Number of protein chains: 2
Amino acid sequence: MRFVKKISTLKKIISHRKKKGDIIGFVPTMGYIHEGHLSLVRTARKQSQFVVVSIFVNPPQFGPKEDFRAYPRDLKRDMQLLKKEGVDVIFNPTNKEIYPEGYKTYVEVFDLSKILCGVSRPTHFQGVTTIVLKLFNIVQPDIAVFGKKDYQQTVIIRQMVKDLNLDVKIVIGKIVREKDGLAMSSRNTYLSNDERRRAVVLYRSLQWVKNAYKKGLRNPKKATQRINNMISKRGGRVNYVEAVDKDTLKPVRNLKKGTLIGLAVYFGKTRLIDNIII
Amino acid sequence: MRFVKKISTLKKIISHRKKKGDIIGFVPTMGYIHEGHLSLVRTARKQSQFVVVSIFVNPPQFGPKEDFRAYPRDLKRDMQLLKKEGVDVIFNPTNKEIYPEGYKTYVEVFDLSKILCGVSRPTHFQGVTTIVLKLFNIVQPDIAVFGKKDYQQTVIIRQMVKDLNLDVKIVIGKIVREKDGLAMSSRNTYLSNDERRRAVVLYRSLQWVKNAYKKGLRNPKKATQRINNMISKRGGRVNYVEAVDKDTLKPVRNLKKGTLIGLAVYFGKTRLIDNIII
């Protein structure tokens, strides 16, 4: 496994591999690797001959009052975990390597970036699409794997890839959960023991809505209101709960197959997201 | 010479050529080809083995009150002129091929896109960078040639290429002028005979400032004021005349080597641009 800091070095490695005919698989991460990331790496491994994982905590996708500085980092542990999975290259550039002085260019997928998580994080997805485009241009992957927990992100990236005529196959890996159902996230480490226990309500509320739909619930307002109540009772501060079409992310009039229930909830200062497609 | 309408067809052609090891040269145009374009094609020809010229009048780079519909088009003549130059592929997609229904993604080079021409054309450069990025992703050129008349565009595209880690060498072709000095432009066709005669003042005013600098003029306000007066006297309505650094496009305190004098002027409804580096 190679550990690469420089864009120019990585480009040379990739160019060499492409000439050999290798299919390049790519998993972009912000590090603090957990089982969710590792399952994406395994997916990339299966579908490619050469796997690149980037570890880069991307400043532009954090708002001015968000947790860029506090975001958990443990490079040594990340390297050990990724080595075990047979990753070929870890790309871990500095901020300056990615955004040198005088950096000016940003990509935005309009409308999709301003709804759901984009309401309270108005510049977040512009930061995401910009870094993902840059990483795609650097890594030149044939396939790139993203996690389904960041569902809106996957829709936005698919749209960007289509709109910008990129030749990357986007693969979405399933949500990996803790035993009690909490979706794995590097941010779970922020939770106190008490918050951690209460946070299970996110998964439970999503399971509830799935079952309620099976039993005949069709009214999205009733569904999201009930989820709201369930979460509030367990001390979560709801940022949003919405029922939207899984492809367009537009609100649905009636719950149906292909409706995404997405939510963002604060426990203390920690913002968690989760979703389910019914 | 092949004439291609479909992105997928062009991608196949390019992929085939790249496997052969050809260097791909690219000249993006909006058609209505003149000697300025042809000189860019010749430059591309010299530095590559396979030359693609795109002809696409790009809606997003026109403002709502601008000349998208009126923009001159003559595909038959364009094809004849480009065939003579040994162009390998003309890429002439439809609007729908480039911006299919539900298109959402735009790229912007911030700050640089809001000054000079960007003041009166606030969405112009976002349209330019978006189409250029898309065309780069489609054509995958090793080199791309742009004209110096659209000077701000060349600075913005260089910045985008650097920021987005693209592997395209940007080459800037010189301004080709009519015998009397007017910079060649597809939009010159809008000018009445009278306007056409008066429009020579743009070139003359730029020649004046170059000479005045040689003779010791250093004050940018004096320089631009004088140019303003010269143009107004000939019936031109000045949009802007500015003295800026050729690399940063920031206003200079003193004229010096590497100062760009850029201007945009209306004759009737026709907006013309020109520039000189002193």
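Glycine residues also receive a Cβ, built from the backbone N, Cα and C atoms like all the rest.
TrEMBL does not curate its annotations; it predicts them automatically.
Around the Cβ of A:GLY36 (ATP binding site), the same chain contributes A:GLY147, A:LYS149, A:GLY173, A:ILE175, A:VAL176, A:ALA183, A:MET184, A:SER185, each under 8 angstroms and 6 or more positions distant in sequence. Per TrEMBL, the feature ATP binding site maps to A:30-37, A:147-150, A:VAL176, A:184-187.
Around the Cβ of A:HIS37 (active site, proton donor), 26 further Cβ atoms fall within 10 Å across all displayed protein chains. The active site, proton donor feature in TrEMBL is assigned to A:HIS37.
Sequence-distant neighbours of A:GLN153 ((R)-pantoate binding site): residues of the same chain at least 6 apart with a C-beta under 8 Å from its C-beta are A:PHE125, A:VAL128, A:PHE146. Among the features that TrEMBL reports, (R)-pantoate binding site is placed at A:GLN61, A:GLN153.
As annotated by TrEMBL, beta-alanine binding site applies to A:GLN61. Counting only same-chain residues six or more apart in sequence, the Cβ atoms lying under 8 angstroms from the Cβ of A:GLN61 ((R)-pantoate binding site) belong to A:THR123, A:HIS124, A:PHE125, A:GLY127, A:VAL128, A:ILE131. DSSP assigns A:GLN61 ((R)-pantoate binding site) to a helix.
Residues near A:MET30 (ATP binding site) in space but far in sequence (CB under 8 A, at least 6 apart, same chain), listed by position: A:ILE55, A:PHE56, A:VAL57, A:ASN58, A:TYR71, A:SER186.
Each residue contributes its Cα atom, and for A:LYS148 (ATP binding site) and A:HIS37 (active site, proton donor) those atoms are 11 Å apart. With a 10 A radius on its CB, A:LYS148 (ATP binding site) counts 18 other CB atoms from all the protein chains. Listed in sequence order, A:ILE55, A:ARG77, A:ASP78, A:LEU81, A:LEU82 are the same-chain residues six or more apart from A:ILE33 (ATP binding site) with CB atoms under 8 A from its CB.
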